[in-house]
Amino acid sequence: MGSQVVQTLRQGVWASLTGGWYHDPDQNKFNNCCHLYLWIFLLMLPLSLHLALPPTTMALSIYCTSITVFFILIKMANYRLHLMFDEGEVVVRSLSDLSKAQEKKSNASDSCLPSILLSSTMFQPNLMEETYCSDEIEVVLVDTCTPGPTSAHLDDSDTVKIIITMSCDPQTAAQLEERVKQSLLENVQVRKEKNVQRLLLVSVVKSISKSDLEAKEGQIPNESNFLEFVSLLGSLSLRGGGGSTQEEEKKGKKDPDYDSLPSQTSQSESSMLQVICRPEATNKEEAYTFHTVHSKHQPGGNVYACSLSEEDSLDESSETSTQEKPTKKIYYKLQLFPGKWINILYDRLTLLALLDRNQDVLENVVAIIMAFLVSFLGFVLLNHGCFKDFWVFQFCLVIASCQYSLLKSVQPDAASPTHGHNQLVAYSRAAYFCIFCALIWLLEQLLRRKDLPVSTLYGVTIICYDILRFARDLLVGFTYCFPVTFLVGLFPQINTFTIYLLEQIDIHFFGGTAATSLISAVYGILRSLIALSLLYGFCFGALKEPWDEQHTPALFSGFCGLLVMFSYHLSRQSSDPSVLLEEEEEEQEDAEKEILLSDVVVCSVAYILTFAITASTVFLSLKPFVTIVLYALAGTVGFVTHYLIPQLRKHHPWLWVSHPVLKTKEYYQFEPREDAVLMWFERLYVGLLCFEKYVVYPAIVLSALTNDGFALSHRKKLGIHCDVLLTTIAGLKLLRSSFCDPSFQFLTLLFTLIFFYFDCPHASESFLLDFFVMSIVFHKMRELLLKLHFILVYIAPWQIAWGSAFHAFAQPFAVPHSAMLLLQTLVTTVFYMPLAPFLGSAIFISSYPRPIKFWERNYNTKRIDNSNSRLVVFLPFPLPGCDDNNLNSIFYEYLTRSLQHSLCGDLMLGRWGNYSAGDCFILASDYLNALVHLIEIGNGLVTFQLRGLEFRGTYCQQREVEAITEGVEEDDGCCCCEPGHLPHMLSCNAAFNLRWLAWEVMATKYLLEGYSISENNAATMLQVYDLRKLLVTYYLKSIIYFLVHSPKLSTWLKDAAIQEALQAYTKWHHIERDPQVFSAKIDEDYVHCLQGVTRASFCNVYLEWIQYCAGKMETKTQQPADSDEDSPLVTLSYALSVLGRRSLGTASHNMSNSLESFLYGFNTLFKGDFRIATKDEWVFADLDLLQKVVAPAVRMSLKLHQDHFTCLEETEEASILYEAITNYSSSLVICHESDPAWRKAVLSSRDTLLTLRHMIDDGTDEYKIIMLYKRHLSFKVIKINKECVRGLWAGQQQELVFLRNRNPERGSIQNSKQALRNMVNSSCDQPLGYPMYVSPLTTSYAGTHRTLRSIGGGALSLDAIRSWLCSKWLRVRKDNLTSCNNSGTNMEDVDCAAAGSSSLSHNRPSSVTSNSLMFLLSLGRREYRSRSVQPQSQRPPVSSQSGPILDSGSNHGLVQRLSNSQLSFNTSIASIFSQVRTRVVAARVSSSSSTLSLLFGKRSFSSGLVISGLSAAEGGNTTDTQSSSSVNIAIGPSHRSGSRWTSEPYESIDATDSNAATTVRDGAQSSDQGLSQGLDRTQEESPSTAPEPTDQKTA
């Protein structure tokens, strides 16, 4: 822990203050010296030039040129070296070549000077054999202290210096150093007993720090081989004890105190043992050899070497590793000029530790430009005299830190969002410096002007000079504090700051929505600026000249119309332009197209209405009355819509009532099975919301625009340009925000009226500007209240949750800093910055500002399955990353799809309560717990992100889940007693506790489509041998079923290669005697006496099943199938049964009798991994035998075996078993979860799925049979304080990334029920959190919500308008024709044509409608007798399906039954007449009045057809009073399953016959049937027939 703190202080705190420079003891002296002198050069160069030279352009040029050239040289050299490592030529040289040259040098030099002699040419035979491995260590010992001939061993008087170089962290180094100390003391103690004295000097030097390795390569050094150094040192020490004892006596005996060893020196201290560890060597050329070389200068030049190596388990292919090889060094050839090369002895990691790498040329150019800008702007401000005295040095230090970060940045930075090396951080400091210096320079230039204006705004005199000077001083102060600011992490990386700044400007000044990326932010601000520039011109032209109250300029009316039109269109579009370019699902594309087509109509209508209203001068002539009515209406509607109804729908209204007042139908249901029912208060909520958005607030803004425009046309307050700009911005912002999210608009309006009309009436400017300013202030006040609520809840002493000892220590220290905490809260509210608890404690610190999206990178979960993984999935061990969390993430992905279809509509129906951008909700059910983050709130669209938590979470997560699921209705406490509570009310304690929570339950029965999961332990179901035998039996029967049903069966039976390979199986005496595969315990056809399976035994068990399946196929295909005992079908079935069982035995490692092996083998086959034996290679003739027959049989047998426990008798009958397999093959999805078909089936909303999962978790090894059933899942909707979520996320990021706290049980993730700390922190992006699933940013549209479309009827488009107009025109024309009794027009044909044209116009409006109208006109030219027509209400069914038509007359006619196929009105009307044929046998007609009407109900997908009053007289009956039989035709509701809902208007159809009418009745159909149509074919009769009136009856 201590070493980690020191490392954080060194690499985090000190490096942040200096811009990246710090002394790293893990690096060599060269790197540290280069860093130090580089930083001093960057600091002293501007300071010396400023002090030595006058502030002229010459000094500026010298400084900028020097810095630019210096950076160019460094960046070019760094880039060329990295390019050399990537593409350069590698030269490997043996150290024996180098040793010869060094020997010549050492012989010519002084013999007492230390030198390095490395050789391996001569070895003693008694030494260890040298080995090579991928992680080798080089040990070099050189002793040149004795010039004369000496022995070949170390003298006792020698002092050996040992340098051990190793890659590890400081903590590990300290531990290893301590071990070396202990080992050396033990060795010295041994030598002391042998009168041996030896002085040892130990120095541990780390070559490369652990953090650098993690940042560059992501690998941790391996220090396990360091323990061999100790044994090596011991062996060298003991070996040195065998020398002469004469010198020992001269030296005397001395106690080996290790602490005094560093100060012990002698003339032999030049001897050196160097141990170099090079971790993670990737090949043999990069590996060092563990050598011990002892060199004594003898005449013969004897060299002794011994080797010791560590076995490398990963390199098993090197069989020549025991051979003696010379030590090698690696050089890289660097080309200086064409044909000129130099050799560089360097490595990439050392270069990365020296300087940061720029990946391409563009990054190098940007770094050079940034360095030039820093030097230019900084020295310009120095020349202008903005800094005096000591602050000159401080400013030069800031310049040096910004330039140094471009060479060697702070990693990790306090504002870095990710682990490891972050390239963007290197540019952030320089970018902020350039921005601040440019603003200071600009303000400095403005302050030199003498004509700065003085204005008055809201009663405050604004002196521009004072404001500009204050802003300049503030920026200068911020520039001074750059080191501290970057240390505490108040400045984000530059791209995050750009997104944040543009998003805040777009939201607060233009009424925009949240940005989802940098492109989104730029796109959003650009479209707002374009709209502003267009509106500015119209407004400027309208306000340039004064106008009176009786006449509003047309230009101003045009400006108002364009303002409403642009505001509405911008509010309907997403801020992400990629949704218009990327390919998405068909339904989402249709929704986007529907929005664009609808906007064309709505914007045109809005422009016309707005132009007409503003041109009528109604707002000016009725000035006081209209505004008062509009304000009262907005307040009343807003109060009811956004306060009263949401409070009454909450789980605990006003945190006092124990249950919701307005309950949904699902509230009392245990397991709802249908979609949520639309309630009356939801209809009311939607109606009031639309009235408020589209009528009230546009009228208020237009009224304010008209009144303020009239006033500004006569008196300019801030100048014409400023007044026009403020008016345009205010109108655009207020209208867009009202269209997007009107939840808090009524409160903003109320505060505006109270403050500027009652509190400070003298400070009011204009209502439009007051409303605009108050909208920003009120937004910040809401954020302030949320932050204060979070702080008070989190630090409340009676519910504090200490997660660690530091929390208990920090709690009392947080109390004296309450004033600082309040100041931080105010500052963070203004700049929209999270307020994070430090390490999860009660001490809060400010974090850097973030956009609403919060997370900088677009992280989302990638599912691992067979489609995106390598062949390793087929190996015995599990696929890496394919754990339970990865498999279960599909349920959260499906939940995301469900929310994509319904979230926006549910929010507009008020089912989640009030909401705004950035809000966070938790959806909690039995096993699904997901955090939903609302990012962008538009008019009819919502962009969100879902973060799914683990199914089986930690202990802390379970405690918080219990807190949000348990009820408080039974609590009777009040302080310390339990007096109870009033009926339907909460107790005092419960109400008090609910107020001290950072979350609130909004709904308890929120329905979404999902899957219920049922698990069964496979070991329990297969524990008994009889159950395993049953599974194998079902396995073989399924093989036979799929074989018989295969379309390739005839091909296989005629294949000569297959028939030749199966000759052995045709013999009745052939026996399969494999004892590892076949057993009497699991095989039904096993023969004990033969110890195996034969064809006869197989036929005895399965022949009846083969013949039954073949008979069924013969019935379907009408082709004879040979299935006798000697048929090829039986032979192939027998062969496949043997193959299937042998594959199972092979997968079970030939241990099928063991339950674990049997389950392992069956799971292997279930995944599709078949190990085919040599005997069964005939199956490779056609792999469909495996893929289409055996593989599905394995999966089907599991389902049949599961059904055996529920219906034992049914599965024993062949017919029932056959029907079950047939049904399951079509309705049930059975596959492994790693199969892409599983994910496709889940996302396609298949009703039932089955799989087998191998679960390995916490030492458990289980096989689970998992069954999924699609149904409606009930969720609890919990709304969390969004400032609580942002603060906890920010604190978690800082703790793990900057402070490097990797403790899995850290205090910041311990449970805290009042803030749901564990659930919120675990939902962070990995690796900060551990969510099971993180969805991409998903957009939900209101048009995809079926219930919402049923209320409004869908989007308004040209097609819908044309259809509506056509239907109304046909209705009017029919009514007009009806009024003409002598016209002779056949009304029935008119109605039929009307209905046809109505339905056709919805789908094909251009062509089909015109065809229908032409057909109608052709019908209109026919002459018929006049008939009475009763028009009925219309109803829009989607599809039609014919139902049975019953003949109710005795001999009036025969009506054929309509086809059951789906009918559509897109066909011609003539095809409808051909559906019904009647044979008329009639005499005189006694009645001529009849009616056929279509009656439609209220719902858009149910319809009823009632045909009443059809009377036909019998032949010869002339009595007027004679009544004829009547019949009703009732058509049931029509329903189309799917996500798109359409409504097609239909006209009533009246059908009569001149001579006789055939009365029919059509029974009511179910909701899945369509509309049946029956029309009688008409026949004309002579005009002499006199009609007689009859009574009409209606049932």
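Including glycine, each Cβ sits where the backbone N, Cα and C put it.
Your range for transmembrane segment, going by TrEMBL and the list 552-570, 723-741, 913-931, is 552-570. The average pLDDT for the domain 'Pecanex C-terminal' (1122-1346) in the predicted structure is 89. Non-local neighbours of the transmembrane segment (59-77) in the same chain are 45-46, 49-50, 53, 355, 358, 364, 367-368, 371-372, 374-376, 379-380, 383, 403, 406-407; each lies 6+ residues outside the stretch with a CB under 8 Å from one of its CB atoms.
Same-chain residues lying 6 or more positions outside the transmembrane segment (747-772) and placing a CB less than 8 Å from one of its CB atoms are 457-459, 631, 634-635, 638, 700-701, 704-705, 707-708, 711-712, 717, 726-727, 729-731, 733-734, 778. With a threshold of 8 Å between CB atoms, the same-chain residues lying at least 6 positions outside the transmembrane segment (784-801) that come near it are 807, 811, 814, 821, 825-826, 828-829, 835, 837, 842, 844, 996-998, 1281-1284, 1287, 1310-1315, 1317. Sequence-distant contacts of the transmembrane segment (684-706), counting only residues of its own chain at least 6 positions beyond either end whose CB sits under 8 Å from a CB of the stretch, comprise 552, 556, 560, 563-564, 610, 613-614, 619-620, 626-627, 630-631, 633-634, 637-638, 640-641, 645, 727, 731, 734-735, 738-739, 742, 745, 749, 766-768, 771, 908-910, 939, 1348, 1351-1352.
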